[in-house]
Amino acid sequence: MGRKNRTRQRAQPNRDGRPEGKRNRDDGWGAGYSEIIKENKLFEHYYTELKIVPEGEFEEFMEAMREPLPATIRITGYKSHAKEILHTLKEKYFKEVQDLEVDGQKIEAPQPLSWYPDELAWHTNLSRKILRKSPLLEKFHQFLVSETESGNISRQEAVSMIPPLLMKIEPQHKILDMCAAPGSKTAQLIEMLHSDMDIPFPEGFVIANDVDNKRCYLLVHQAKRLNSPCIMVVNHDASSIPRLHFDQDGKKDILFYDRILCDIRIAVRGVEQLAVGGRMVYSTCSLNPIEDEAVIAALLEKSEGALELADASADLPGLKYMPGITSWKVMTKEGQWFSDWSEVPTSRHTQIRPTMFPPTDPEKLANMKLERCMRILPHHQNTGGFFVAVLVKKAPMPWNRRHPKGETPAEGNPSVPDTPDPSEVKKDHVCGFSSVTELHIDMKCSVCSSPPPPKKMKLFGFKEDPFVFLTEDDPIFPPIQAFYDLSPDFPKLNVLTRTREGKKRNLYMVSKELRNVLLNNSERMKVINTGVKVWSRNNDGEQFGCAFRLAQEGIYTLCPYIRARIINISVEDVKVLLTQENPFLSKLGDDAHTQAKKLEMGSIVLRYLPDPQDLDAPQCPIDLCGWRGKTSIRAFVSRNECLHYLRMVGVEVFRDKQGKRNDGSTETEEESTEDAEGLSQEADLLEQEGEETEQNANGTEPVSSTCDGPTS
């Protein structure tokens, strides 16, 4: 099902004849659908018979299914600005919308999701239509849109936030998101890798995959907002995603992932690529046990003890869920029931498979501990329906324990070929599945299908520019090193460009581990995007000693290595730099003015450090890219980031429907916004409404607000 209609109740049974019910929702900030009939007797009959809803709650369950989902937002947790955004939301916007009435509808105050850590996720009954009814709500809408575009807020369905939280991500983990688009869960994974902002390059990384080439660019756009050097977007069919190699201790090894996020079609391939000791979170937006417990039971049975269900009951305090079930039946689209495989007529064997039924051996069933699965029902906490299970890998999968002659497994984490030795493959699949449909889903058996003869990988969709790593002695580095006084531990080998010939326009950085993956797998995978931009070519800069200016996207990655061309600024300086088009140096405070006069022309870092004694000022550091001209100074910041930082220092520029700017209520705002021509020209947020476009996703240069380029 498509993302936009996946939570809506469907009037027709799904692909194998089973009725399926999803919850209706208002997508985004209120994108509407044509009225649909929210009645399905077959659906009600099916779930009544299965008894997945506690006795006496079925009507409440059905009523919740018919209602739109609340809008939910998540504040990105890895950025040090998260607490500032939360403070702004709670103290300003939430208070403004509380107790308002729009067209007779009372606006409920947004509430935090009780199970999400640190109050970083909230839900509200506001929709886009309601947001536009009142100037105060429209202001809130513009805030949500611009902060979403800046990567500081994510609009995400509540239940989809659950799987990343159950993965227990640590900064050193290698993570695979197998069906990642549109990218909201991927963003959570990236945030968790960067939980310690003092570490610019965590040892871990996220490889985010999607089979749809166009959706990969939406995924890129979502990931780019977080400006991480530890994310790679690839384009493969997840059921046959290639096994990757990497260098470890001077020899080539196979890459196994510490954490994997997957859904229904790709569970087998997922557990194959999971490291021993790793966790794989399997989730669906279905309540149907045939897509849920039946898949988990089949995996556990065929793993022969290599997998076990983890008990995640204590991981999210406050989350209400029902334990997994151990008994269920199968129903056809005509309403015919089967309690056991033996009852299924031969004519239906291609649609109904043995693994759709619960295991018949009571001891085996008890050992699976299916009750450790978690089913979230819509009426318990006003969410969509959801199922999630956490699998831990205790040993290699049984069909991966064979090794080609002369090859020995690595200690604790076997190096396994993509397929077993052909001489060992008999009539039955070595993985234990007697047919492709044994897992009752349409997928290939990635273990047993023989690979085709080696040939060049076919590329579909857009042809990507190459990823070319620079060498340590590249002539680009000496002027950069001297101009910014880079520290000796700056990782030059992690710098790459997207062209083999001609002048290099932009320089990007990836983590050491992603560099390792890229260099060892260029012919095995299609990489859509990786790296964070850290420098952009500016030919005017050559006369000042360096042809590359700093890029705001990579400022937090670069800053730990930059030891020169830094100007420490105050809150008032931030206001001047972000609201005046091209202020003279004298507009800065005395301290910043003195520092600026000592620097030659060219690219600079403008750094605000919090004062713990001044609690009215932002309590997080701010680094801005800038340009020191002959007599003036300016910041290079995209329009939405500009609005974000202005809000942090108490300034808000709001545009009404006539395009006029309405100033906020802070004492200093009138003075600080008098020269904000760039903001008034660029900040048409309503026109954007946060939509993700392929143009943006493909790396288009962000439009600056008051900072369009270097000036002298």
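Positions of Cβ are set from backbone N, Cα and C atoms, glycine also.
Curation does not apply to TrEMBL; its annotations are automatic.
Feature list (source: TrEMBL):
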| type | residues | note |
| --- | --- | --- |
| BINDING | Cys179, Ala180, Ala181, Pro182, Gly183, Ser184, Lys185, Asp210, Asp237, Asp263 | S-adenosyl-L-methionine binding site |
| COMPBIAS | 13-28 | compositional bias 'Basic and acidic residues' |
| COMPBIAS | 666-677 | compositional bias 'Acidic residues' |
| COMPBIAS | 684-694 | compositional bias 'Acidic residues' |
| COMPBIAS | 695-712 | compositional bias 'Polar residues' |
| DOMAIN | 61-394 | domain 'SAM-dependent MTase RsmB/NOP-type' |
| REGION | 1-30 | region 'Disordered' |
| REGION | 399-427 | region 'Disordered' |
| REGION | 658-712 | region 'Disordered' |
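Confidence over the domain 'SAM-dependent MTase RsmB/NOP-type' (61-394), given as mean pLDDT on the 0 to 100 scale, stands at 92. With the fewest other Cβ atoms inside 10 Å of its Cβ, the least crowded of the binding-site residues Cys179, Ala181 in this structure is Cys179. Residue with the densest Cβ environment among the binding-site residues Gly183, Lys185, Asp237: Gly183, by other Cβ atoms within 10 Å. Maximum C-alpha to C-alpha distance over the listed S-adenosyl-L-methionine-binding residues Cys179, Ala180, Ala181, Pro182, Gly183, Ser184, Lys185, Asp210, Asp237, Asp263 is 20 Å.
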